[in-house]
Amino acid sequence: MFKPVVTEDYPRNPRPPASRYHGRHQLNRHPDGLEKCVGCELCAWACPADAIFVEGADNTEEARFSPGERYAKNYQINYLRCIGCGLCIEACPTRSLTMTNEYELADDERQRLIWTKDMLLAPLADGMEQPPHPMRLGDEQDYYANGPDFLRDLETRQAGGAR
């Protein structure tokens, strides 16, 4: 009675989640707006709960949705089945699929918990164009911190050791 309250005032005053918290999924885009997902279905194969459905299709020069040969024509995540393990994120070769900090996914209608590609795609940022459109030359940075510097140093070390 005289101790401070330890409960939180949720949902009126929600606390922000930890920065590394894995919440709902997001399909990312390249800087020109094209989708990073190439429809390889590795995320669906990695999912132990069978919560992901991917239907790939071929890109054409008239209708290009991703820089690869294929794109995800139909992409769905069933949050009634998803266990939030993150194995789909680790399996994605293009880093298309990531998890955000959003955690409020509850709903009173089951059909609204099956998220489609339109709901999962990241919003278009400034300078992005809605696909389909031709591929643009981009200036996306390397995936790894100091990636080009590391390779250059490695080549220098290998050249020095070959003498």
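A Cβ is built for glycine as well, from the same backbone N, Cα and C atoms used for every other residue.
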Starting from the [4Fe-4S] cluster 2 binding annotation in TrEMBL that includes CYS82, CYS85, CYS88, which of CYS40, CYS47 is the extra site residue? CYS47
At a 10 A cut-off on CB-CB distances, which of the binding-site residues CYS40, CYS85, CYS88 has the highest count? CYS88
To the nearest Å, how far is the Cα of CYS85 ([4Fe-4S] cluster 2 binding site) from the Cα of CYS43 ([4Fe-4S] cluster 1 binding site)? 12
Among the binding-site residues CYS37, CYS47, CYS82, CYS92, point out the residue whose Cβ has the most other Cβ atoms within 10 Å, with all shown protein chains included in the count. CYS37
Taken over the domain '4Fe-4S ferredoxin-type' (73-102), the predicted model's pLDDT averages 96
Spatially, which candidate from the binding-site residues CYS37, CYS40, CYS43, CYS92 is nearest to CYS82 ([4Fe-4S] cluster 2 binding site), comparing Cα atoms? CYS43
For the region 'Disordered' (1-24), what does DSSP give as the number of helix, strand and coil residues? 0 helix, 0 strand, 24 coil
